[in-house]
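**Q** Straight from TrEMBL, here's the annotation block:
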- B:25-471: domain 'Amidase' (DOMAIN)
- B:Lys80: active site, charge relay system (ACT_SITE)
- B:Ser155: active site, charge relay system (ACT_SITE)
- B:Ser179: active site, acyl-ester intermediate (ACT_SITE)
Amino acid sequence: MTAEVFAIEDALAQYDPVLGLEVHVELNTKSKMFCGCPTEFGAPPNTQTCPVCLGLPGALPVVNAKAVEAAIKIGLALNCEIAEWCRFARKNYFYPDMPKNFQTSQYDEPIAFNGWTEVVVDGETYRIEIERAHMEEDTGKSTHVGGATGRIHGASHSLVDYNRAGIPLIEIVTKTIEVAPDKAAAVAKAYVSMLRDLLLALDVSDVRMDQGSLRCDANVSLKPHGSTVLGTRTETKNVNSFRSVERAVTYEITRQAAVLASGGKVLQETRHWHEDTGVTTSGREKSDADDYRYFPEPDLVPVAPSREWVEELRATLPEAPSTRRVRLQEEWGFTDLEMRDVVNGNALELVVGTVELGVTPAAAKKWWLGELARAANESGVALGELGVGATEVAEVQKLVDSGALNDKLARQVFDGLVKGEGTPAQIIEARGLALVSDDSALIEAIDRAIAANPDVVEKVNSGKPAAAGALIGAVMKDLRGKGDAAKVRELLNAKLGI
Amino acid sequence: MGDLTRKTAVELSELMTSGEASSVEITQAHLDRIGAVDGAVHAFLHVDTEGALAQAAAVDKKRAAGEKLGPLAGVPLALKDVLTQDGVPTTAGSKMLEGWKPPYDATVVQRLKAAGVVILGKTNMDEFAMGSSTENSAYGTTHNPWDLNRIPGGSGGGSSAALAAYEAPLAIGTDTGGSIRQPGAFTGTVGVKPTYGGTSRYGLIALASSLDTPGPCARTTLDAALLHEVIAGHDKMDSTSINQPVPAVVDAARRADVAGLRIGVVKELGGEGYQPGVEARFHEAVELLTKLGAEVVEVSCPHFQYALPAYYLILPSEASSNLAKFDAMRYGLRVGDDGENSAERVMNLTREAGFGAEVKRRIMLGTHALSSGYYDAYYGQAQKVRTLIARDFEKAYEQVDVLVSPATPTTAFAIGDRVNDPIAMYKNDLCTIPSNLAGNAAASFPCGLADEDGMPVGFHVMAPVMRDELLYQVGGALEAALADQWGGVLMSKAPELEVTR
């Protein structure tokens, strides 16, 4: 590899990125796509297999109706048309983790096609066109042993686990995504994140990126500003977190820009994303000569979902995310800007959960976008992975509402929660955060403040009651912030006769 | 009681019911016969002596206990080596699967076992069912019991030869382009290709998925019908299986009545290239059926002439994909696994060593026919021809109930005669292939011996999808009428084999 990498700004100054995203979703059906074997993750290798998913001579596939149902639901949720009649096809290529050396997939007759969806990035809504969603089976999983990299190159031998072979997959393919160049990577990330939420809401997949039940391949190409001719694309595989989607797309943009700017050609190839180093490296070169010899799968009959069934499934779909956002904004009385902050801060579901526990929308938003967002940012984790949930936020807010805590102390409780110091009650106890509302303790502090600030008392007595604020500050300082501010004001006013 | 190996399945069943013979005795008699003649015939690749006797003993025990048993319980059968049988070596005639013991039963095998049929062993065949003579078997050629210098037909030559050599009264074959019917014709036995989807393909090592059909083979029409009834019917393990009741084949075979039946002689399947002795016996059979009250007309199926080329695009295309699984990774032959070679290299070496020439030829043909840029011209075009052939059948069946033709253009040829001329070999299946392409039912019944060579001739009957009973109606009537002429079934005219032990 000759080219160095451009700065993203320099890359985007010259080129427009064009993206295409292929997302593979492992369905959460109980049995595999074409046989009755269980699909549970993590079983000992090759214990969830049978003649069908091992591709033994003579075995035949039978389509899992539950997988078809899930495919239709996904298609409908992505506003796709559902095929009245479609077939499976064989994608022929040799690989040890493919039991039959062909993958039973769908080719030119996908179950769902021509859809669209929307994502929101920085307050802007982007429409993403869906080309197709089709059904296929997963391959076995190869583990390459003895090499330095865990890749096949340099390995002494490979192990194959066929438990994964035949797990139902839905591949969701976008049409080309061309958005404002500086938003491309963020839109890609938002799209995958939105899909995850959608699939969870549909209850069709566990969508665990860490377990490979949601996998993203990112196609990236560049074209000079204003050009209508698409550039050569690369397909980056193995992009398995939302953040990686954004990083991998950005990396490919900067890499390809450097290649093109130096007069080179981008190779049409598969590339591998390396989470640790943040770069992609060349995989298999993919050319137009790559020939999978697709033909209709003769072992299966066509899938022809009746319109009645499709409509039945449509009726079971949960509310579309965009419709839901509008409804929630209205219910919560948020401004457009406030709602945008919540959505962009990835706090929507957290706020929903917190409000459901009786917290006002404003308070829920305040904590999630304030203290907790800051903590997440500082420790570099997602808001939802802080270790603080809606339950804890609701608990703390109840203590604030009852006057046991003020906001400042509450922030300290959250700090303790993030650091794993225990429950809110334990943290208040351990850190000594209970609010002082005992009159005698407050009066002593007020007396000390009055004694220490005769000039302020003088000002108040000479008709400037607003100056009393300085005394309140002094009292609170004396109490190290643990005084009940309202109570202090009341007692001080009584003392000063105002 | 006589020689148990000369009996039909029906007769054997009666002997067991009356208590005159046990299944163990019957099975042993057939095992002995195999031991005596199979050295010369080579119908079997594997004889499961122990398993067969155990199955027979189990049936005898059930019968003794008064259990209600099916009509074929205790009757021995020869199984084509392309169907999996749990724990019994299954090779599909290929070195690729030498020593492989499947961990499961094909649906057909499950049903045979459930019916108490005793499986004697696995019969020889052309490698992966690719051939018309068994000369493509990796384990040697089967000899035709009528003339040991001739081939028995193929791919299921082993099953039909086993019947003709009295090694078994029943056999299972599979028919992709004629692999049941052509060997049936060449050995003077009955071979039925049921409607595609009428019998389950689960456990049938696939040659061409859209064509493969397991079916019954026997020496009489009624025996074939009884076996048909045992193995047919919907199977949820095979998506292409038809979920409808099994046609009433046994009733039809017993009724054996063609009065008023409209029979169409296919104009395109005859004339030039057909052996005169074959045509003579065929036309005599047609006349016989007319005398029995059938209405015979000539029917044209203009697209049948394209059946062979279309078949030789569709079959290799599907086969090239079906045979991709033989890669040395999970079972069967493995060549070159020296710890240095990559998996890909081991796959290549194994496939190079494990597949025979005809298999390689068809894999290459199919791989080419499916490649991008050629797909439309080859596979796509062939599928259109297939549709046209199905329409020819539909139109013909508007006029007639069944269609008839010779089963093969010639009688069985000499071993080695056509091995270097694949096209001449492929032409064996001219008459049988259209029914595979259209998926309808068809069968070959013995109709006499050709004058030139004294070898058996097959009478081919084709019936609409799921009207398999019509085959048996015609076959049964023909068999009865010919038996009157010959004083028994055609097989009784077969020469005695020299017993080697």
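Yeah, the Cβs are placed from backbone N, Cα and C, and that goes for glycine too.
Describe the structural context of each listed feature in the structure shown, including burial, neighbouring residues and relevant distances.
**A** Per-residue confidence over the domain 'Amidase' (B:25-471) averages out at a pLDDT of 97.
According to DSSP, B:Lys80 (active site, charge relay system) sits within a strand segment.
The Cβ of B:Ser155 (active site, charge relay system) has 34 other Cβ atoms within 10 Å, all protein chains considered. Taken residue by residue with DSSP, B:Ser155 (active site, charge relay system) is part of neither helix nor strand, so it is coil.
Counted within 10 Å of its Cβ, the other Cβ atoms near B:Ser179 (active site, acyl-ester intermediate) come to 36, all protein chains included. Under DSSP, B:Ser179 (active site, acyl-ester intermediate) is assigned to coil, being neither helix nor strand in the three-state scheme.
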**Q** Taking the Cβ of B:Lys80 (active site, charge relay system) as centre, how many other Cβ atoms lie within 10 Å?
**A** 33
**Q** Between the Cα atoms of B:Ser179 (active site, acyl-ester intermediate) and B:Lys80 (active site, charge relay system), find the distance and write it as a whole number of Å.
**A** 11
**Q** What Cα-Cα separation, expressed in whole Å, is found between B:Lys80 (active site, charge relay system) and B:Ser155 (active site, charge relay system)?
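**A** With distance taken Cα to Cα, B:Ser155 (active site, charge relay system) is 9 Å from B:Lys80 (active site, charge relay system).
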